[in-house]
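Undergrad: Dumping what TrEMBL says about this protein:
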BINDING   28-35, 75-79, 139-142  GTP binding site
DOMAIN    20-189  domain 'Era-type G'
DOMAIN    220-297  domain 'KH type-2'
REGION    28-35  region 'G1'
REGION    54-58  region 'G2'
REGION    75-78  region 'G3'
Amino acid sequence: MAEKTADETAAEEPAGAAPRCGFAALIGEPNAGKSTLLNRMVGQKISIVTHKVQTTRARVRGVAIEGAAQIVFVDTPGLFRPRRRLDRAMVAAAWAGADDADVVCLMIEAHRGLTEGVEAILATLDAHAGDRPVALVINKIDRMRRDALLALTAEMNARRAFAATFLISAENGDGVDDLRRWLAGAMPEGPWLYPEDQIADAPMRVIAAEITREKLTLRLHEELPYQLTVETETWEEREDGSARIEQVVYVGREGHKGIALGRKGETIKAIGSAARADIAEALGRPVHLFLTVKVRPDWERERDRYSAMGLDFPEGN
Ligand SMILES: Nc1nc2c(ncn2[C@@H]2O[C@H](COP(=O)(O)OP(=O)(O)OP(=O)(O)O)[C@@H](O)[C@H]2O)c(=O)[nH]1
């Protein structure tokens, strides 16, 4: 038997190709399908998906492995015209994610095409992308005819030269493997950043809060769309292997507290049990979840609320 070389003993990656590893950012308007795509590529639910816009608040990352490459995704909040302070923090976080990445994917919705919002992103994109490759990802192709898709591909590429264009459906998986393979090839050569079994690096407390917020958003629909945030306050590992978690739901107004609690606390109870089930599944062990609803009219102006969501606090008014 031939003697082992240093390379063979060190590398966990598949033999043959040199290991690659880098960062990829998905940018796009709210609701483009970034979280759905990320969940599909990464294969685990780490960023919440709802029919609502602007659901991604924390900069949650996931890692996909493709052959000898590891792709670290920065899941960015949707990009839109900022109006409030929180909006500005989210937009700044999205661009910061793009600035950190080796490859940027601009995701648009097939049936909406080149919207004003996409135009606004294109106007800022070059300043952020520099020389790095930018791929165009046209999502939701299940909602559009093939000839119209080809026309949109041509229109977008006439507007800007993209390194590659992918026609995908994040929902049913069409085209996603091609995109992942291309991203893998675009990653710089270098050692892997994460061991293979560690695929989400968002702290579990943040993921647990995101899960509860997803349940609140699903249950409360139009009643309280963005004026709430969830924080994990305490997390206690218990001897029997379960976790005891206390979370606070911050709402903006007294009236919203009543909506979140529901009659005789039924709403928050249902939300709590749905969230508990998902958190227990994500953790792989039993969870005791305690939710409290608090009114905090100024939470959008408080620095601590931002750092709890993994966002920088924007200066100014
Ligand atoms: N028909 C169709 N719907 C999709 C597809 N991908 C995502 N969606 C839906 O589009 C909606 C938004 O998807 P998300 O993944 O939450 O979008 P996002 O870009 O992460 O949204 P923000 O977090 O608000 O920025 C959800 O209702 C998805 O089910 C797709 O390929 N086809």
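Cβ coordinates are placed from backbone N, Cα and C, and glycine is handled just like the others.
On a predicted model such as this, the values are computed, not experimentally measured, just so you know.
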Undergrad: Got a sec? Which of N31, K34, I141, the binding-site residues, have CB under 6 Å of any ligand 1 atom?
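TA: What lies within reach of ligand 1, judged by Cβ under 6 Å, is N31, K34.
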Undergrad: Treating G and I as helix alongside H, and B as strand alongside E, what does DSSP give for the region 'G1' (28-35) in helix, strand and coil?
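TA: Breakdown, helix to coil: 2 helix, 1 strand, 5 coil.
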Undergrad: Compute the average pLDDT of the predicted model within the domain 'KH type-2' (220-297).
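TA: Across the domain 'KH type-2' (220-297), the average pLDDT comes out at 87.
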Undergrad: Have a look around N31 (GTP binding site) and count the other CB atoms within 10 A of its CB, chains all included.
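TA: Other Cβ atoms within 10 Å of N31 (GTP binding site): 19.
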Undergrad: Neighbour count, 10 Å Cβ-Cβ cut-off, for G28 (GTP binding site): what number do you get?
TA: 23
Undergrad: Can you tell which of the binding-site residues (K34, I141) has the fewest other C-beta atoms within 10 angstroms of its C-beta?
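TA: Checked K34, I141; of these binding-site residues, fewest Cβ neighbours within 10 Å: I141.
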